[in-house]
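Trainee: Copied straight from Swiss-Prot:
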- HIS342: active site, proton donor/acceptor (ACT_SITE)
- CYS360: active site, nucleophile (ACT_SITE)
- TYR323, ASN337, GLY338, ASN362: substrate binding site (BINDING)
- 437-451: compositional bias 'Low complexity' (COMPBIAS)
- 263-384: domain 'L,D-TPase catalytic' (DOMAIN)
- 417-451: region 'Disordered' (REGION)
Amino acid sequence: MVIRVLFRPVSLIPVNNSSTPQSQGPISRRLALTALGFGVLAPNVLVACAGKVTKLAEKRPPPAPRLTFRPADSAADVVPIAPISVEVGDGWFQRVALTNSAGKVVAGAYSRDRTIYTITEPLGYDTTYTWSGSAVGHDGKAVPVAGKFTTVAPVKTINAGFQLADGQTVGIAAPVIIQFDSPISDKAAVERALTVTTDPPVEGGWAWLPDEAQGARVHWRPREYYPAGTTVDVDAKLYGLPFGDGAYGAQDMSLHFQIGRRQVVKAEVSSHRIQVVTDAGVIMDFPCSYGEADLARNVTRNGIHVVTEKYSDFYMSNPAAGYSHIHERWAVRISNNGEFIHANPMSAGAQGNSNVTNGCINLSTENAEQYYRSAVYGDPVEVTGSSIQLSYADGDIWDWAVDWDTWVSMSALPPPAAKPAATQIPVTAPVTPSDAPTPSGTPTTTNGPGG
């Protein structure tokens, strides 16, 4: 069946831009709709469709890669341990390098998607670093990676050192000592960078002792003696750390040591005897002579001393007591105020019955050698029954002469709510009295204490 549609000539509908509707026109509404259905008014319809096609055909170009530098480009006074990286958005890195002013490439690593490049080693002080490389966008076009920054120039760098050797085996009372070569104004920042890990875990804490002539010092000790066999690891992240007043740490340090057998010396002044005690019990019990105590400088100090040195031969001097360069055998130093446990045949008649020394603990030559061969750095020597307490005035290690609450109050970090107020201990070590024995660091000098 053929359907014929007849059209009468019609006039085009003029465009009416006014808001008034047209009530009548050359064709009826029905006819207009019929005409639209058969494409009579196609030119108008095509114009509208063409507009949509044009919009679909318009494609925005992909965004160019965006670079983010950390620290920002041209930054100055950057701390050399700060996180250093460059990140690209809307792209990925082809290659990236950071070089110092001497042209050395700094170690770094890409993220898995190659959108982040992170520096993996510390930087140097007072150095300009330059970024180079390229990143590729989604359009395949490369853009350069270019930037620079400068690290801080310290007013000075501060060095530090441990008193123990790495891998050393020590006694159950050995503290960890870090000696700095300069005073430190921001001790809290330094203390936060120090960690001690023990196996098995033991409770312990840092304390800042009075500064010595060479600089600040901080000690760590356990609350109680270490269990025998404990391993200790110390990590000091000091490089790049601000110490205050424009000073920075010179290097990181680490230390591993272990605690040996448990050995304690029991030294009761009024008994005129000395005992060496291990887990096996009393292994030595010797007659001895302690400080005469006629003068304060001749009093063997009360409290827990720590073995720090020992010499098979040692030359002692004590001008205040009237002698110098006296050869003694089997000398074990227990404090830096001149106290030793050593052989002294001259006091043999008093050993076991009276105290006649200048403060040292005298033994017979045979007994002194036997004790000497058993002693190691860090062994505690517990002196009781004396009239003067071991204190900060007596040298470098008096860590066990204070109670635990006093010890933790000497930390530079903010105290917990229950922590006691800081004990009033001098900021700097006291001046050695003129009549005190002269400490000695070597066994063959004339600058040794006598006793």
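Cβ coordinates are placed from backbone N, Cα and C, and glycine is handled just like the others.
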Trainee: If we count other C-beta atoms within 10 Å, could you say which of the binding-site residues TYR323, ASN337, GLY338, ASN362 has the fewest?
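Mentor: Relative to the other binding-site residues in TYR323, ASN337, GLY338, ASN362, TYR323 has the fewest Cβ atoms within 10 Å.
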Trainee: Which whole-number mean pLDDT does the model give the domain 'L,D-TPase catalytic' (263-384)?
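Mentor: A mean pLDDT of 96 is what the model gives the domain 'L,D-TPase catalytic' (263-384).
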Trainee: Inside 10 Å of the Cβ of the residue listed as 'active site, proton donor/acceptor', count up the other Cβ atoms and send me the figure.
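Mentor: So the number of other Cβ atoms within 10 Å of the residue listed as 'active site, proton donor/acceptor' is 26.
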Trainee: Can you give the largest Cα to Cα distance in Å, as a whole number, for the residues TYR323, ASN337, GLY338, ASN362 that bind substrate in the record?
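Mentor: Overall maximum Cα spacing for these binding residues reaches 16 Å.
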Trainee: Determine, to the nearest whole angstrom, how far the Cα atom of GLY338 (substrate binding site) is from the Cα atom of the residue listed as 'active site, nucleophile'.
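Mentor: With distance taken Cα to Cα, the residue listed as 'active site, nucleophile' is 7 Å from GLY338 (substrate binding site).
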Trainee: Would you count the other C-beta atoms found within 10 angstroms of the C-beta of the residue listed as 'active site, nucleophile' for me?
Mentor: 30
Trainee: Please identify, among the recorded positions TYR323, CYS360, ASN362, the one with the smallest Cα-Cα distance to the residue listed as 'active site, proton donor/acceptor'.
Mentor: ASN362
Trainee: What is the number of residues in the domain 'L,D-TPase catalytic' (263-384) that are helix, strand and coil, as DSSP sees it?
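Mentor: Split into helix, strand and coil, the domain 'L,D-TPase catalytic' (263-384) gives 22 helix, 60 strand, 40 coil.
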